[in-house]
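K.L.:
Next up is a structure, given as structure tokens.
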Amino acid sequence: MLDYEWDNPSSIVLSGDERNPDSDPTRSSFSFFDPISHYNNDHRHITISPPLLSSFSNQQQQHHLTLYGQTNSNNQFLHHHHHHHSLYGSTTTTTPYGASDPIYHPHSSAPPASLFSYDQTGPGSGSGSSYNFLIPKTEVDFTSNRIGLNLGGRTYFSAADDDFVSRLYRRSRPGESGMANSLSTPRCQAEGCNADLSHAKHYHRRHKVCEFHSKASTVVAAGLSQRFCQQCSRFHLLSEFDNGKRSCRKRLADHNRRRRKCHQSASATQDTGTGKTTPKSPNDSGVKASSSPSSNAPPTISLECFRQRQFQTTASSSTSASSSSNSMFFSSG
């Protein structure tokens, strides 16, 4: 008895249009080949996208071309795909996969043509390619974006992208450029001067005063007669200066106070140093010098004591001799 494998229905593939395959007896008796149904059945169950299998799509294209001639994507056998919604137009592809894949469906409502551009760098861009990809311009721009270093609120690009950076950060209104240049250029704030300080020293550029007016005795600034203070680095009224001084009275007083404080502290240290050391007499110094140990010379104290004792003995002998002579004189008289 033959085994028909009724328990394995996975080997039988039926299309969606064949609701009742046993109702038509002609299909089992005749080997009639329907190109439209075969075309739809072949491609309804294939869900592989064409970009992944370009060689397979080319083989299917050649197979259908040999059977039916040039492939035609008319609407006569694709009317059952109207319910699909696509993002692309009918000019996106010429492969048979356009009938099965809703992304390449020819009857969908496509966006305006200005939002799309053809990508000719795909895998099928050669001589034997049978499809062209339609990629939105936003995606194309993402592929060609430049890589920059984002620090804070600004992105820094390489030197090769100077044109791109200039176009990115250029000002929208041309009038603002002249105003910005005039504000960024440092000029002297004295009335009637307005000297350009772009090439002056950093001190003059920072405080917006030229070298001449920074040393002048009288300068008209902000409608008042003033003088530039060397320590404050700003203009003051003439009443705040003493005679022809270039620094204001307040800053000079602070400067003098600091100088006096320095001198007082220095003199105080000198006084404390001299007060600790007491003056020494020459006898003390001689005694200390004599008391210092010396290996060669004998101590001087013993010699002096010896001399004093010898002087005392001689004095006592002389006094005894005189007393004896006196006694002899008085006795003889």
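Glycine is treated like the rest: Cβ placed from N, Cα and C.
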K.L.:
Considering the Zn(2+) 2 binding residues C229, C232, H236 given in Swiss-Prot, which of C210, C248 is annotated for that site as well?
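P.N.:
Candidate in the recorded Zn(2+) 2 site: C248.
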K.L.:
Looking at 34-53, 74-93, 114-133, 314-333, which one is region 'Disordered' according to Swiss-Prot?
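P.N.:
Spelled out, Swiss-Prot records region 'Disordered' over residues 314-333, not the other listed ranges.
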K.L.:
Mind telling me which of the binding-site residues C188, C193, C210 has the densest Cβ neighbourhood, counting other Cβ atoms within 10 Å?
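P.N.:
Result of the Cβ crowding comparison: C188.
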K.L.:
Roughly where does the zinc finger (185-262) sit in mean pLDDT, to the nearest integer?
P.N.:
89
K.L.:
List the residues in the vicinity of the Zn(2+) 1 site, defined as same-chain residues other than C188, C193, C210, H213 with C-beta within 8 angstroms of the site's C-beta centre.
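P.N.:
Close Cβ neighbours, site residues excluded: Q189, A190, N194, A195, V209, E211, F212, S214, V219.
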K.L.:
Look up C188 (Zn(2+) 1 binding site) in the DSSP assignment and report helix, strand or coil.
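P.N.:
DSSP assigns C188 (Zn(2+) 1 binding site) to coil.
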